Amino acid sequence: MGGSRHFAVDDAAQRRRLEAGLDAIGLALTPAQVDTLFAYLTLLRKWNGVYNLTAIRHPDEMLTHHLLDSLTAVPALAEAARSANVAQGARGRVLDVGSGGGMPGMPLAISCPDVSVLMVDIVQKKTAFLTQCRAQLHLTNAAAHWGPVEKIDDEQGYAVITSRAFAELTDFVTLSGHLLAPGGKLIAMKGVYPQAEIDRMEAAGLMADWQVEAVPKLVVPELDVERHLVVLSRR
């Protein structure tokens, strides 16, 4: 396995960078929540050394490219989950499709205890990791599901369905759209402005039923990269 390489970790420095990143994003978390975020990052590092959960192995890059990158989307995801005009049973429910090691679902669940997050992945070792995190971090508002999202049947539906590295917009909408509650939002995390993906949605005929509401730009602390959210809703 590729986990044999060892990296020295300065936990105190990483925690300071995490706290600075949270300040830059505008996420006001309690010290206990910051502790839990850092504990999650530590678990990700440890499990990744054995189970290859992510190709990113350096602790500094795990902090920036995974945790801070995901945390930038948390305010928008939480606001959409709380304010979506959905039925009572779907309110505050978020589905994270292709969650992998838990991004962005785990940071969202830690940051927003009033939001219920289900993280889905087809790789069993990844959902096993997420289930372990839920237990060790005492996250009663988080859960993991192993299997393809298109096979899930949930009558309540979700206020928000999100993905970070799951698929093209066309596949994201096609495979997971049936789980979105009426009035809910699909929110995909993307890099550069995904005009080509939006065009392919149009070419596939999906714009007859779906619309792009907004494509806000995100700024990730410590990363000089382009990041956007694509917010979709049913017409």
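Placed from the backbone N, Cα and C atoms, the Cβ positions cover glycine too.
Values in this document were obtained by computation on a predicted structure and should not be read as measured data.
Residues or ranges marked as S-adenosyl-L-methionine binding site by Swiss-Prot on the basis of sequence analysis: Gly98, Met103, Val149, Glu150, Arg164. Take the CB of Gly98 (S-adenosyl-L-methionine binding site) and look out to 10 A: across all protein chains shown you find 23 other CB atoms.
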How many angstrom lie between the most widely spaced Cα atoms of the S-adenosyl-L-methionine binders Gly98, Met103, Val149, Glu150, Arg164?
19
Does Arg164 (S-adenosyl-L-methionine binding site) have same-chain partners at least 6 apart in sequence with Cβ under 8 Å from its own Cβ, and which are they?
Ser70, Ala73, Asp96, Gly98, Ser99, Gly100, Met103, Pro104, Met189
Identify, in sequence order, the residues in the chain of Glu150 (S-adenosyl-L-methionine binding site) that are 6 or more apart from it along the sequence and have a CB within less than 8 Å of its CB; answer 'none' if there are none.
Leu175, Ser176, His178
Relative to the Cβ position of Met103 (S-adenosyl-L-methionine binding site), how many further Cβ atoms are located within 10 Å?
26
